[in-house]
Amino acid sequence: MTSAAPPSPQAAALPADAAGPQDAAEPKVVPARHYWRWAAGAAVLVLAAQFAHGLVTNPAWEWEVFFRYLTADSVLRAVWVTLQLTVYGTALGFALGLVVALMRLSRSPLLSGAAWLYVWAFRSIPLIVQLLFWFNLAYLYEELGIGIPFGPVVWSFGTMHLVGAMSAAVIGLALHQAAYAAEILRGGFLAVEPGQLEAAAALGIPRHRQLRRIVLPQAMRSVLPNAANEIVSLFKGTSIVSVMAIGELFYQVQVIYGRNGRVVPLLMVATVWYIVLTTLLSVVQYYVERHFARGADRTPPPTPLQRARAFARALKSSSGHLTPLWEKR
């Protein structure tokens with residue numbers, strides 16, 4: 001049996017930290033210092049603090065008047081009217097917009113041309129003009145009838161009490177919204193890979209099922225952000241119907257400060273309600289986008305609750321590895 005040779009004296013004399021490059025200590029990575037970013041952040045904090053200080057200390061804001069009217073019955077009823085206008089205008093506008101979008105994509109030049117003309121007309125005319133036209137429908141047409149085209153009228157009715165202020169507002173908002181919704185939906189449909197429709201047609205899937213099962217779920221991923229912006233824009237645009245003396249939020253605020261002269265606090269009441277409701281719409285948009293992001297290549301973004309839980313877990317795990325200052329060398 002042979003035994004291993006003893007190490008040479010030269011090898012034994014080498015220090016431990018000179019064994020080789022693989023055992024050398026890794027260089028310390030020092031993060032870059034962004035001084036301009038820190039300065040900009042400090043400036044933003046100072047400006048925010050000054051603004052908050054002005055809100056609290058400036059008596060011209062009249063916060064006692066603001067809190068008195070924030071949840072007043074008349075204001076809450078006006079908020080409900082604003083929500084009704086938003087829901088009705090959105091539902092009817094996107095339903096009609098879907099029809100117009102399909103007409104734009106039709107191979108029929110008549111349908112495609114009519115849809116293009118509709119979008120062109122209603123995007124060109126300001127919303128307030130459209131609302132006033134519908135509000136004054138009785139002035140344009142005293143009677144409307146149903147019968148044979150260019151022939152005798154079978155049934156007619158007066159328009160004086162047919163379209164009231166609320167109906168005119170809903171019709172005007174819906175028709176205006178439909179023009180923009182049609183273009184948003186058409187863009188979403190065009191974003192779907194045409195090869196999928198060709199494969200579905202080769203498998204014998206009917207056209208309506210292709211639209212419902214293949215096109216719409218994929219188109220919604222690109223439609224939702226723009227559609228949500230349009231809904232928020234419509235929600236804030238309901239303030240335009242105040243010219244028709246409809247008791248929505250902005251009109252009611254105008255009525256109140258017209259009586260008591262407290263313009264600024266009443267405008268702040270409307271501002272806070274618009275901010276709160278827009279925030280709620282944004283939260284709904286977030287979760288709807290998460291729902292339609294399932295099955296896509298990208299991972300659905302975490303919810304705010306999931307982010308809070310992950311942050312709490314990170315704090316909990318890092319707290320066990322903290323070294324007290326008196327133990328550091």
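A Cβ is built for glycine as well, from the same backbone N, Cα and C atoms used for every other residue.
Pulled from TrEMBL:
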DOMAIN    79-285  domain 'ABC transmembrane type-1'
REGION    1-22  region 'Disordered'
TRANSMEM  35-56  transmembrane segment
TRANSMEM  76-103  transmembrane segment
TRANSMEM  115-141  transmembrane segment
TRANSMEM  153-175  transmembrane segment
TRANSMEM  231-251  transmembrane segment
TRANSMEM  263-288  transmembrane segment
Discussion item. Quick check for me: are there 3+ Cβ pairs below 8 Å between the transmembrane segment (76-103) and the transmembrane segment (35-56), leaving out pairs under 6 residues apart?
Written reply: no
Discussion item. Cβ under 8 Å, sequence separation of at least 6 from the ends of the transmembrane segment (263-288): give me the contacting residues as numbers and ranges.
Written reply: 60-63, 65-66, 69-70, 75, 79, 82-83, 224-225, 228, 231-232, 235-236, 249-250, 253, 256-257, 303
Worksheet, complete the sentence: Outside the transmembrane segment (231-251), at least 6 residues beyond either end, the same-chain residues with a Cβ under 8 Å of its Cβ set are 75, 77-79, 81-82, 85-86, 89-90, 93, 127-128, 131-132, 135, 165-166, 168-169, 172-173, 177, 270, 273-274, 277-278, 281-282
Worksheet item: Counting only residues 6+ away from its ends, which parts of the chain sit with a Cβ under 8 Å from the transmembrane segment (153-175)?
Response: 85, 88-89, 92-93, 96, 122, 127, 130-131, 133-135, 137-138, 141-147, 234, 237-238, 241, 244-246
